[in-house]
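Enquirer: Dropping the structure in here first, questions after.
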Amino acid sequence: MACARVWIPDAEEVWKSAELTKDYKGGDASLQLMLEDGKSIEHKLDPKTKNLPYLRNPDILVGENDLTALSYLHEPAVLHNLKVRFMDSKLIYTYCGIVLVAINPYETLPIYGTDIISAYSGQNMGDMDPHIFAVAEEAYKQMARDERNQSIIVSGESGAGKTVSAKYAMRYFATVSGSASEANVEEKVLASNPIMEAIGNAKTTRNDNSSRFGKYIEIGFDARYRIIGANMRTYLLEKSRVVFQADEERNYHIFYQLCASAHLPEYKTLKLGGANDFLYTRQGRSPVIDGVDDSKELCNTRSAFTLLGINESYQMGLFQVLAAILHLGNVEIKERDSDSSIIPPNNHHLTAFCELVGVTYQDMSQWLCHRKLKTATETYVKTLSRLQATNARDALSKHIYAKLFNWIVEHVNKALITNVKQHSFIGVLDIYGFETFEINSFEQFCINYANEKLQQQFNMHVFKLEQEEYMREQIPWTLIDFYDNQPCINLIEAKMGILDLLDEECKMPKGSDDSWAQKLYNTHLKTCTLFEKPRMSNRAFIIQHFADKVEYQCDGFLEKNKDTVNEEQINVLKASKFDLLVELFRDEEKATSPTGQVQGTGGRTRLSVKPDKGRDSSSKEHKKTVGCQFRNSLQMLMETLNATTPHYVRCIKPNDFKQAFSFDPKRAVQQLRACGVLETIRISAAGFPSRWTYQEFFSRYRVLMKQKDVLPDKKLTCKNVLEKLVQDQDKYQFGKTKIFFRAGQVAYLEKLRADKLRAACIRIQKTIRCWLARKKYLRKRSAAITIQRFTRGYQARCLAKFMRRTQAATVIQKYQRMYVEKKRYRQKQAAALAMQTILRAYMARQKYQGLLRQKKAVIIQKRVRGWLARCWYKRCLRSIVYLQCCIRRMRARRELKKLKIEARSVEHFKKLNKGMENKIMQLQRKIDEQENRLVNDKLVGLESSYTVESERMRGELTRLRGVEEDNKNKANQVSSLLEELEKLRKELSSTQQEKKTIEDWAQTYKNEMEKMVSDLRDQNGLLKTEKDDLNRLIQEQSQQMTEKMTRAIAQETQQLETDLNEERSRYQNLLTEHLRLEEKYDDLKEEMALSSHVSKPGHRRTDSTHSSNESEYTYNSEYAELEEGSRTESGRNDVTRGIDTSLTLKLQKRLTELEQEKQSLRNELENKEEQFQRDDAEFKKARGAELEYESLKRQELESENKKLKHDLAEMRKSLLGDAATGAGAPGSPAYKVLLEQLNASCEELEVRKEEVLILRSQLVSQKEAMHHKETMTEPSVYADDVSKLKDADELKQAYVGLKDTNRSAAPDFHKLNEDGELWLVNQGLKETVRLLEHQLQTQRRTYDNEVESLRGELQTVKEENNRQQQLLAQNLQLPPEARIEASLQHEITRLTNENLDLMEQLEKQDRTIRKLKKQLKVYSKRIGEMGAGQAEGQTSPGQMVDEPIHPVNIPRREKDFQGMLEYKKEDELKLVKNLILELKPRGVAVNLIPGLPAYILFMCLRHADYVNDDQKVRTLLTSTINSIKKILKKRGDDFEMVSFWLANTCRFLHCLKQYSGDEAFMKHNTSRQNEHCLSNFDLAEYRQVISDLAIQIYQQLIKCMENILWPMIVSGMLEHETIQGVSGVKPTGLRKRTSSIADEGTYTLDSIIRQLNAFHSTMCQHGTDPELIKQVVKQQFYIVGAVTLNNLLLRKDMCSWSKGMQIRYNVSQLEEWLRDKGLMNCGAKETLEPLIQAAQLLQVKKKTDEDAEAICSMCLALTTAQIVKVLNLYTPVNEFEERVSVAFIRTIQTRLRDRCESPQLLMDAKMIYPVTFPFNPSSLALETIQIPGSLNLGFLTRV
């Protein structure tokens, strides 16, 4: 059939997967296949057998927990399943039927912790994933159930992990079963492992810690199945390793441990060095193991020796022997000649050997090189060759080590043995597996022989189990052909077998390996097919073992079988002075096995083993060969195993390189064949390997049935369906409860189921796709129509809008154009007008200007023409003048010349002068005439004007004269101003220069500033940008810091809450441990009482002053004592109850101190008694002095009181004076408060004085009647009463009254009684008097202190006044505004401080007044009761009956019910018995108010407090606590009882708080409830004791609830299919799991919810506090979530997508329950978060990196180990699911690498949250509570 997947052989991978590409037809010689890598090949079939390749299982069956669940059972399927589980899922354990296959991971895995042990404890083997703990639990359970001894056989080759598996199995037994005694036997059993590993394990090429011997450890159990001891048998120690090691191997670990510690001082005597210094430790050339510290391992070995009782001297002796062996190996033997040898003298190694073992050097050197031969008549000493001597030396070393090994085993067994009778045992066999090497010798022959025997036993057991299964199911039994290796065993051990011939050859004088080989060839070569001879060798033989052919080399067989040691060497050692060595060889003749094992003693039962007749004499035993000894011990082992129920663990070594999680298919297949796993598979496959119950088959293959095929009878339904599905009747058989299938049928049914589901999926897909397509089409069509509608509407709207806009645009354009044209026209018009105006103006201006220019031109012309004319004229004139001048000059010159000539003559000169004189005279006359005429005219005018002007000038002169004076002055100023002006000019010039310089600088500076400003602007811009960035960054950082701080605060808060919860949890765990120890102590005491029938009385109470909080440990149960009828034993001490050793020692020490104190008190009492007789007369004499002293005291106190009043008055006046100064007004609030306070204090003093006087009068009036009090049996009562008298007057009056009473009681002692009570009364009075004197002195000092304090306050007020005056003076110096502000500020501060101080004083005074009033009322009431009692005739035994009684004058409260219940002391037993011990919770919870017993007890306690009876309070509380403990111990498994007393204990605790008088608990009380508060006793310490009791009850409630819920959780939350049909049952193997189908009797989710409802309703009926109910529900949900998640993490079959859906549905139902009950806020939902996330993890996609990121962000409540575990365990149930890839898991691990979390895999399901009891006051009034008659409490009296 094409597409079929098959397995084909492969040289590298052993088997390779391929897919058929072409259908196979009968007769085809080959198959066309395609490998997984896509390569096509042709696979040729075997022409002889024509066998087809093995078919491959469906993918959903790959990775199964049990190999027998595979449909096709064959070698490749087994190998592939193991590889997938080991490599992909990191699962090292797998079931193969009854065998557990364990693959060594070469890595430490976190799957062996105590939490894993707890998870597997009590579970069925098939219910959990494969584990060594599951095998151990199965063995332990079968031992207890079947009363049959068990064996766990651990086998495998070296390095496969046998020793570790055996170690974990023993650890499981030690943890689960515990110890039957206090000797810690389980620790000793585990401590034997490091010892045996040190002396019996070594490093080999395959394993760093290989066991080189076989051992069988029997762990003994008593009748209660607790470990009582152990016994060890060893087999075939590899002695040759002592003297020889191959490359890369080591000797036994102990040698290297000693060499590594040789430098330590305590090992100096051994004379050791490094491992490379000795021949026996350096041959392997690998003295160090990576990661192993040999010196540290030696410390562990020594610790284990010490734990097992081997002391230091024996340990050093052992190390001496081991060191001697190393030195002996270094002894060098030299060859003397070919037949003799010699040891050089003074060989230091031989010397060291002789010193260590205590023998002589000469003897040992003699017999190392010689031997003694005995004949019938003579004895010869023969020399040994060098080789023979060396062999003899090595033989001696091996023999010594073997003796030492046996001695250690013997002493280990002695340490593990006990005297308790053994009821049964579980044996753990750790033995070597089948071995085959390149060179196989005698050791491999014995090992393989042992494995042949074990394989035979294994085959027979498997066959037997198969046969029993078939017979139980009534299946027709057909003989199954399986491999029987009896012929191979016969070949080895039968007569004339290999061992027989070997022993015979050893007896021959000249026997050799060659002759023995020839005998083997001659005897077996032709007669036995299992024996073969190698072709190329005559010194070897081949045996066909069950696992493989092995070729053995005959060399050394005879020597190793003889194991001969020179007898003279043994005699030398026996003569040693070393005691331990002599002890090693002393008991040779007593050996009963090759290992020297001695049978244990002490009542241990042993399996009957046939005695060996050959063990009678030591000589015969010594001559037995190793092969014979091994055969006998093996026979004993097989008899032991056959007498037990075996359990098999097969260890597989995955690779030879010790690489973690690396799988080598070749090596794995080789070991699977060798260990018998494949044989188990073959036996199972030969019959009916697949088995289904009818219910499971119906559930899985319901899809293959039609509705008409389903019948009410499931069995008949399955038969009918199978007959239709499988035609061949031989392929299946119907049993009573199961259907048996041949191999491959389940795969066929799975294929049919997958095809049916695939067809259904296709139809569903088709329908859904059609529906989706149509829905998509309709959605698209509707969307298209909608889009069209909206589009068309949009287009129409757009068109309308366009038309409107067009019209609007047209109108706008019209008006716009009109406006533009109009504007343009107006602009043009305006422009034209402007232009016309401008033009006309311009033209006018031009015309005007033209005219103006013309006129100006004319003027200019005129002027120019005039000027030109004048210029011309002037030129002409000048020219004429010049010409005239020139002519005249010329003429003048001529004339001059003539004149000069004429001048030379006198006549001429005279003529000239005459003419000149005439002319001058004429001219002078003309001038004079003209001047005269003008002058006359002028003089006339001047005369007239002069007159006017003279007048004017006179005035002006006068003015000018003034001005002149001013001018003279100003002239001086002008000169100075001129000088100053000059100076200013100079300064101005310099200033101008400076200004110019400054302007230049300013310009430069301006330029620079502008440049700088521009730069600064740029920088400012940058800075603004940076500022914005920084602001943004700061905001972001601030936000981040805020978030960080918020997170940090949240984390810190969470951490503090966690620490607080841890502290609470630690404290509550200590209480739990204390309770457990108490119960253990009680049980032991009961056992001792039953065994001895002698009751041990406890200490009686002698001191009434013990603290009340010690009652829990100081007194025993009152009821147990009262039931015995002894009233005098009511205070029996039970100090040691329930306390651990340290606490017991402390209490014993305290008891000793109390005894000493008691003795000292007795001595003091005797002294006081003697002194009393002497002081009796002094009392009478001192009475007058005492009265005088008291009067003086009173007068002194009154004077002090007056003085205080005077001081107060002065202070008041001072305050009034201060107020007058302005510091404060008399009407100010501070002054009023202070004044009111002082007035109130004065009034209170007056009131108290009156009250004290009343008390004094009452005491004096009754002093004659009060000879003594009836209850005066303990002095502490008066001490307690007196301690409450705080006022001095009270103390004084009480003192006087007591003095009078003491004095009046003196006459006639015998009239009181005959029991010596008079002495007690007098002694008490005496002590009271002294105490009162002390109290008076103390009170005096107190009043002195108060006076001093008042004076100090007065001084303080004065200082404050002065300071305020100073401040006022300072304020006056300040400005007005500052003064007002400072005054107001100071005044506010002062008033605030004063108000605060006065308020504190007021509160303090109020509290003191209330307290004193309360005490006054109590004393008044007590005195009244005393008077009333005496009036009724209730006198004490010694009181005179006819004495007058004085009534009390204090007003009494009306007689109404005060909420108290009174009972007599003798009725206390009935009270506790009826109210606690015999009370039925159901009746009380249904018919009465919740918490009624608590209310009744508290009302009784209130009355005891009311009457101030401390003993009654203590006994009532102690009896209540002990009775509750007693009833809980008796019925601690009854949830209803525990819940009832938890509710009542909490209510009792709340009542103690609510009525304690503490203000913190009185906030919600009514005034009536406040009146009911306790008045005399502070029970805070008892509240702590009761709180601890409530914690113990709560933990008992949780445990009781766990016991009920635990069996329901896994079945209801995981296994039951709440949603039917979602998850199908996968095929299971031989290890059947619990069915997930809801059969009758199985628990479902509804069962869990019903139980939760029952819990909740019970607690509600009992009146449990709502907060406490929330805590209980939270704990319930935590248990449900933790147990479910833990089982999910340990069950591969539960990790699937469908199971995730089931879990989420179940969780939703639980959440719905919480919602219905209103408990969503109690934190219960959060406890389910890990389970919810695990369920989500099963359902989310698990492929891409995005999926990984989503998983990491989602699964915050799961640890990394849990997430990886779930992903590794994820298993598809159907073909449609896919497995999680390894790469995806690694991605998850990488992303979660940085998580800081615990590596623990499982949750702590036993963890209990710390409980708190929030205060919950009751609104119920005590006086309204009615006691029903059904409680039988009629003896209680309402008060």
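Backbone N, Cα and C atoms are what each Cβ position is placed from, and that goes for glycine too.
Residues annotated as ATP binding site in TrEMBL: GLY156, GLU157, SER158, GLY159, ALA160, GLY161, LYS162, THR163. Positions annotated as coiled coil by TrEMBL: 906-1087, 1144-1255, 1322-1422. Taken from TrEMBL, the feature compositional bias 'Basic and acidic residues' covers 609-620, 1124-1137. TrEMBL lists 1107-1119 with the feature compositional bias 'Low complexity'. The domain 'Myosin N-terminal SH3-like' feature in TrEMBL is assigned to 1-53. Sequence annotations record features per position, and here TrEMBL assigns domain 'Myosin motor' to 62-754. Among the features that TrEMBL reports, domain 'Dilute' is placed at 1518-1794. According to TrEMBL, the region 'Disordered' annotation covers 591-624, 1089-1137. Residues or ranges marked as region 'Actin-binding' in TrEMBL: 634-656.
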Enquirer: Take the Cβ of GLY161 (ATP binding site) and count every other Cβ within 10 Å, whichever protein chain it belongs to.
Expert: 24
Enquirer: Same chain, not part of GLY156, GLU157, SER158, GLY159, ALA160, GLY161, LYS162, THR163: whose C-beta falls within 8 angstroms of the C-beta centre of the ATP site? Give them in sequence order.
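Expert: Those within range, site residues removed, are ASN104, ARG206, ASN207, SER210, SER211, GLY433, CYS651, LYS653.
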Enquirer: With DSSP helix as H/G/I and strand as E/B, how many residues of the region 'Actin-binding' (634-656) fall in helix, strand and coil?
Expert: 9 helix, 8 strand, 6 coil
Enquirer: Looking only at Cβ atoms, how many others are within 10 Å of the one on GLY156 (ATP binding site)?
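Expert: I count 27 other Cβ atoms within 10 Å of it.
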Enquirer: Looking at Cβ-Cβ distances, which residues of the chain lie under 8 angstroms from LYS162 (ATP binding site) while being 6 or more apart from it?
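Expert: The answer is VAL154, SER155, GLY156, SER211, ASP430, ILE431, TYR432, GLY433, CYS651.
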Enquirer: Just how many other Cβ atoms lie inside 10 Å of the Cβ on GLU157 (ATP binding site)?
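Expert: I count 24 other Cβ atoms within 10 Å of it.
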Enquirer: Between 0 and 100, where does the mean pLDDT of the coiled coil (1322-1422) sit?
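Expert: 71, rounded to a whole number.
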Enquirer: Sequence gap of 6 or more, C-beta under 8 Å: which same-chain residues meet both conditions with respect to SER158 (ATP binding site)?
Expert: THR204, ARG206, ASN207, SER210, SER211, TYR432, GLY433, GLU435, LYS653
Enquirer: Applying a 10 Å Cβ distance cut-off over all chains shown, what neighbour count does ALA160 (ATP binding site) have?
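Expert: Total other Cβ atoms inside 10 Å, all chains included: 26.
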Enquirer: How many other Cβ atoms are found within 10 Å of the Cβ atom of GLY159 (ATP binding site), counting all protein chains shown?
Expert: 21
Enquirer: Tell me the Cβ contacts of THR163 (ATP binding site) under 8 Å, same chain only and six or more apart in sequence, or just say none.
Expert: GLU197, ASN201, ASN209, SER211, ASP430
Enquirer: Per DSSP, what is the residue count of the domain 'Myosin N-terminal SH3-like' (1-53) in each of helix, strand and coil?
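Expert: Residue counts in helix, strand and coil order: 0 helix, 24 strand, 29 coil.
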